[in-house]
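A.B. asks: Pulled the feature table from TrEMBL, pasting it below:
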TRANSMEM  58-82  transmembrane segment
TRANSMEM  103-122  transmembrane segment
TRANSMEM  134-150  transmembrane segment
TRANSMEM  210-228  transmembrane segment
TRANSMEM  240-260  transmembrane segment
TRANSMEM  272-290  transmembrane segment
Amino acid sequence: MATQLELSYWQAILTGFLQGITELFPISSLGHSILVPAWIGGSWSSFLTNTTDGESPYLLMIIALHAASAITLLLIFWKRWLKLIAAFFRSLKSRSLETPESRIIWLILLATIPVGVLGIAFERDFQVLFSEPLAASIFLTLNGVILIIAEKSSKRKTLTDSDETLIHRISFKSAFTIGVAQSTALFPGISRFGVTMGAGLNRGLSHSAASDFAFLLATPVILGAGLLKIPDLFNPEISHILGPVLVGSIIAALGTYISVKILVNWFKNHTLYPFAIYCLIIGMISMVKFL
């Protein structure tokens, strides 16, 4: 029988803040959720291997923290989402995409399909990697390489209008390609925000537009995963961590809010290179540590 996971409030607070900050910074929140406990060791390292009824309580907590981040994004961009949802229903009624918003919401839905299908189909396979710090180290290093390649490809961008127009002008094929790229974030160490933004740069979006589209895409994917898995936290064998998880979720929401405020301004004048360098350094050092 597995040892019951013990999660203190201060551990939940630290994990929540880490999740909130790294979820939107292109440095992989899931990768850090694995590497930080592995580096600290002691009781922290047991988070990665503890299972109850075939489920990882720590992974369920991380998913709950992700959901808190998604709800925060929804609240920050609520006016935008109301317009998009209204445009979605108008497009169903008119059977046409008459406005930028109606096209954008369908682009988001199309880009969400790949990660949804692959996430459900290979859920158990990806969970196996969750307890492997070496795998997270390798993928974090690869994430750094991906960000560099994305920056190189961004020099070929051809679209030049405002952010919203840029997004609504991309093709459905490009949206699906961005969605496929987003699905690689199922591997711990690959940043969802990073690969989504990188794919957007590759398809011709500016840094500001690509980050904007990445913010929009993050919400349904993260929220959907959270809604599917959060009920598992009420398993009697796991419910004792609900208090710390709730506190951690509040902190994750705060971290997400801070991240959005920083990144919205950052990508108006800066690139992905600093994040790429960070991922390469931390990833390679961690590979040496966990080989």
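Numbering starts at 1 and runs along the chain as displayed.
Including glycine, each Cβ sits where the backbone N, Cα and C put it.
For each feature listed, report its degree of burial, its nearest neighbours and the pertinent distances within the displayed model.
C.D. replies: Away from its own ends, the transmembrane segment (58-82) comes close to residues 5, 7, 12, 15-16, 19-20, 23-24, 29-30, 33, 37, 47-48, 50, 127, 130, 215-216, 218-220, 222-223, 225-227, 229-230, 232-233, 238, 241, 244-245, 248-250, 252-253, 255-257, 260 of its chain (Cβ-Cβ under 8 Å, at least six residues beyond either end).
Cβ atoms under 8 Å from those of the transmembrane segment (103-122) belong to residues 84-85, 87-88, 91, 97, 164, 167-168, 170, 172, 175-176, 178-180, 182-183, 185-186, 216-217, 220-221, 224-225 of the same chain, restricted to positions at least 6 beyond its ends.
Residues of the same chain lying 6 or more positions beyond the ends of the transmembrane segment (210-228) and with a Cβ under 8 Å from any Cβ of it are 23-24, 63-64, 66-67, 69-71, 73-74, 77, 80-81, 84, 104, 108-109, 111-112, 115-116, 119, 154, 163-164, 167, 178-179, 182, 192-193, 196-198, 200-201, 260, 263-264, 267.
Residues 4-5, 7-9, 11-13, 15-21, 23-25, 57, 61, 64-69, 71-73, 76, 215, 233-234 of the same chain sit 6 or more residues outside the transmembrane segment (240-260) yet have a Cβ under 8 Å from a Cβ within it.
Through the fold, the transmembrane segment (272-290) approaches residues 25-28, 35, 38-39, 133-134, 136-145, 147-148, 150-151, 189, 191, 194, 197-198, 207 of its own chain, all at least 6 residues removed from its boundaries and within a Cβ separation under 8 Å.
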